């Protein structure tokens with residue numbers, strides 16, 4: 001009975017925006033962002049604009065401070081947002097929680113929410129599965145390939161590859177999750193995982209200055225590849241991290257393509273960030289324009305992955321991609 | 001006679017040229033289409049290779065962002081390409097060069113992919129050619145495929161050029177040979193024609209002014225009759241003269257009887273009897289081997305064969321030259337394409353910023369490419385020195401030029417400058433094998449055209465020339481013996497026919513006169529008695545002369561040939577046709593499923609064979625022959641429409657039924673048309689024609705399926721069966737030899753009593769059943785599937801399977817002579833089984849196109865040896881320890897049991913093949929064959945000690 005009531009409310013809410021559009025009032029989309037409006041956010045905004053939907057995209061950047069989320073949730077309710085876009089695992093968990101959270105938790109349970117850049121929406125129990133989130137007001141995108149794919153990609157690039165390095169920080173849920181996942185996978189994939197934890201500074205936050213030391217340590221242990229993914233901190237400091245890695249003759253593989261295109265990671269297997277933003281916008285359009293219920297929508301999987309190789313980094317490392325790899329890889333010469 | 005013979009020759013040469021020209025064009029198109037598809041497959045293959053890393057990672061193809069760019073590269077290598085699609089395992093297109101990307105690949109592409117056992121596959125429709133390549137992961141999982149669509153324009157254009165070329169050549173050859181035939185025939189038939197003309201003149205002259213008949217009544221021989229057929233014409237002349245005298249005598253007798261006088265019957269007919277309108281056929285002339293018709297036929301046959309063969313060889317050679325000229329550029333284009341692909345790949349790597357000497361893994365990349373492109377022996381990139389290489393170099397004298405007018409064939413450019421070039425060495429052995437293949441293909445079509453033309457020639461010569469002569473001779477011989485019971489209703493269009501008509505008119509007149517007198521003397525008993533005496537003397541009847549019935553095997557030959565060919569046209573592609581049919585709900589493994597149509601066909605033959613003879617007696621041989629073609633006709637049409645395996649099996653059962661009835665009825669018909677001492681020869685002829693049909697059907701089925709589509713071949717089969725039925729209905733007379741034969745009843749073969757004989761069992765299980773298993777499980781079943789899995793086209797498969805029948809036809813007579821001179825039948829059988837089994841074992845251990853070909857030939861040679869020795873050995877057993885059963889029952893049981901054994905063997909081999917692969921299936925057949933040989937050999941060894949061997953020589 002409770003479930004039915006939830007559905008009815010959701011249905012009413014979903015139907016409401018359409019009425020408002022007819023009344024000539026703009027729809028309101030609230031974007032809850034972790035570190036400003038980067039490419040995903042820009043792709044989202046561009047697609048919404050292209051679609052001709054009369055909607056206002058209001059951006060709220062939490063600047064990596066998740067304590068700001070309750071206030072933003074309140075704002076969403078107050079402004080009667082028609083849809084909320086959540087960027088990243090931490091933000092999404094803070095806005096809609098998990099499948100196990102009940103209604104009284106103060107999270108958004110009626111306003112439609114589209115999540116994106118969530119590395120593992122199913123492991124974190126934000127959503128049930130690809131067929132649907134299992135929650136009336138939630139849908140989203142999925143943009144990752146299984147971790148095994150990254151390992152196999154390195155193996156294709158470098159048949160000698162045996163040890164994978166990883167730096168993680170305890171302050172980020174995702175980072176720890178990734179460490180545990182890779183720890184479990186490594187023996188199955190026939191590799192050794194050398195994972196080192198970033199030391200915390202005086203303020204309890206991870207100490208970025210520790211990165212070169214850890215990379216040196218990895219190099220000493222014959223690690224020639226390091227994985228950079230599922231860590232907003234490291235991503236944010238990608239330039240510093242990847243440059244340090246190259247200096248230590250370590251190649252960086254990352255699911256973040258911009259780290260290869262704009263910084264010094266060697267290789268990525270990823271979707272273009274802007275494309276992912278556009279995919280999230282498609283989900284939003286299905287809800288706002290087509291009147292679909294978020295809970296009925298499957299989680300949209302990103303396609304259009306590519307291997308991107310930074311040839312300048314390859315030259316610096318003296319590790320050119322193998323011939324077969326070059327036949328399909330996109331290369332950049334930054 | 002001369003003119004008609006020339007017309008026949010001319011017509012048959014036209015037929016051979018038409019058939020050969022048609023087949024040559026089909027064969028050319030098959031070869032060219034294959035080459036074109038192979039060339040396009042290089043593109044499909046290299047594009048698929050680009051996607052492989054993705055599939056290796058377990059990622060769907062759709063996840064590749066630059067997939068469209070990857071497939072579009074193909075368009076740069078060949079602008080004629082219509083489209084390239086990369087699609088996932090379900091057939092959904094994920095990347096395409098087409099702007100409005102279709103949802104999924106056409107069903108024909110999915111079907112070709114599903115049915116292919118090799119990674120590369122192709123299909124052809126009326127609009128375009130498709131060449132595809134599976135994208136397989138390291139673990140062998142198919143993640144999708146790449147298909148390249150290529151317009152048929154190029155094929156059509158080349159095909160039309162070949163059609164024009166071949167048509168003109170054929171026309172010229174026909175004109176020359178037709179013109180040549182006239183003087184040759186004139187030389188051959190001119191003298192007998194003149195002699196026959198003189199005979200006619202003499203015959204038609206009023207009695208008073210009659211010249212002496214050549215050879216007749218002690219008169220001098222005419223000059224013309226001394227020629228080629230002198231003695232036969234002389235005999236005919238004597239018969240005609242004697243017939244004239246007998247006619248005069250009969251008239252005299254009838255006149256006398258009318259006047260109440262009765263002459264003594266001293267010079268009366270021999271054995272003439274009063275026949276009350278019954279239609280009694282007359283078998284061959286009193287002495288067929290000396291008849292003029294036979295002599296003319298014997299003389300004409302080699303000349304006809306020579307004309308057919310020479311004209312076919314000439315066109316064959318011309319076509320071979322044309323086909324070679326046509327495929328040469330295509331082969332070069334493929335080499336060029338491979339060079340371009342290599343150069344593009346290297347350029348792409350260089351463009352990405354990798355220095356030429358730092359290309360990692362390029363050698364293994366090209367090494368992989370070499371394994372998939374068998375004709376490429378060596379790939380290298382050189383700058384003056386070799387930078388990277390894969391494969392083995394070919395002797396520089398044999399390798400193709402790398403430069404043309406100082407321009408590299410495949411330069412590698414960077415920033416507009418040539419920095420290196422590609423070296424491609426093509427293995428000359430593979431290329432010459434391609435030309436040898438073309439030569440073999442053309443030889444097959446020449447051979448088949450010659451066989452078809454020869455059968456038509458035999459029929460036409462018989463109908464237009466020798467049958468007329470034979471009729472005249474028979475009537476003359478009968479009337480010379482005082483027998484006027486027969487007439488012949490024919491149009492008088494030549495001297496032979498006019499003479500025949502004169503004789504027939506005489507018979508009609510005498511019988512008419514007799515009938516009038518008979519009715520006039522109804523009341524006078526004495527008068528009737530006198531008339532009866534006259535009637536007996538001259539074989540007259542009150543109901544008039546009855547038609548002279550002649551039956552010749554030649555009337556049936558073409559029909560039998562066509563029927564056998566029609567039956568065997570689908571042999572080589574039937575397993576593939578079955579594999580493509582719907583069978584998802586059947587609880588059988590695929591390999592077993594594919595053997596079911598064949599098993600059903602054989603079972604029908606086993607079950608129907610005992611019924612054939614009683615049915616023939618009940619219906620008559622000719623009606624049975626015509627009726628038996630109906631199930632075959634219906635079955636072939638049914639097979640055309642069949643979409644599921646049970647349908648195919650059902651129709652094949654019906655085909656088996658038709659085949660058994662037709663061949664057995666034919667066999668009986670042949671036995672009925674000849675007398676005892678000609679029987680062995682006639683049976684030999686029957687087997688030859690049957691095998692010629694089987695051979696032609698098998699050889700052509702493949703190429704026809706390749707060009708016309710498998711299902712359409714069934715329609716062609718149906719048309720051939722219908723043609724055979726029409727030929728039988730129109731040409732074949734009721735064969736009632738008057739030879740007393742015991743009334744046939746349906747007998748179940750005496751299985752148990754025969755199996756009690758150890759020697760019979762040794763023969764059955766040692767030689768007969770293994771030989772049949774080789775034919776059914778290997779030749780008719782495994783070969784197709786194995787060669788298909790090795791990437792052979794149906795045309796290739798047909799040509800390969802044909803080798804088996806060729807070996808049987810060629811080796812059979814040689815083996816027979818061998819056995820009669822140098823070795824015993826048992827040794828021959830043992831040698832055959834060992835040879836066949838060993839060849840099969842070799843192919844099972846090293847499955848390769850060449851070893852399979854050797855196994856096919858080995859099986860053919862082994863089977864020929866087994867065939868030759870089996871019947872004498874079985875007869876030996878039948879005449880000794882199974883004497884009480886009679887040779888027919890023993891042979892019949894042997895045939896039934898060997899077929900039953902072959903069905904069981906086929907199913908067993910299919911099960912093994914399904915479980916452990918085709919090589920294991922082949923090994924099973926080899927084991928059965930060698931096991932049988934061992935059993936037979938062991939018995940021989942034991943028999944030497946106890947002298948209880950099977951050898952008929954003992």
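Cβ atoms are placed via backbone N, Cα and C, with glycine included.
Note: TrEMBL annotation is automatic and uncurated.
Of the given residue ranges B:527-546, B:827-846, B:847-866, B:867-886, TrEMBL assigns the label transmembrane segment to B:827-846. The transmembrane segment annotation in TrEMBL falls on one of the ranges B:121-143, B:144-166, B:167-189, namely B:167-189. As a quick check, the transmembrane segment (B:649-670) and the transmembrane segment (B:919-938) miss the bar of 3 or more Cβ pairs under 8 A, pairs 6 or more apart, so the two do not touch. Simply put, out of B:167-189, B:590-612, B:760-781, B:760-781 has the most Cβ pairs sitting under 8 Å from the transmembrane segment (B:919-938). Note on the transmembrane segment (B:682-701): residues 23, 444-445, 447-448, 451-452, 455, 553, 557, 560-573, 663, 666-667, 670-671, 673-674, 713, 794, 798-799, 801-802, 805-806, 808-809 of its chain, located 6 or more positions outside it, place their CB under 8 angstroms from a CB of the stretch.
Counting Cβ pairs under 8 Å to the transmembrane segment (B:558-578), the top-ranked stretch among B:167-189, B:713-733, B:760-781, B:801-820 is B:713-733. Outside the transmembrane segment (B:300-320) by six or more residues, the chain places 5, 9, 12-13, 16-17, 20-21, 24, 27-28, 162, 166, 169-170, 173-174, 177, 180-181, 184-185, 188, 438-439, 442-443, 445-446, 449-450, 453-454, 457-458, 461, 465-466 with a CB less than 8 A from a CB of the stretch.
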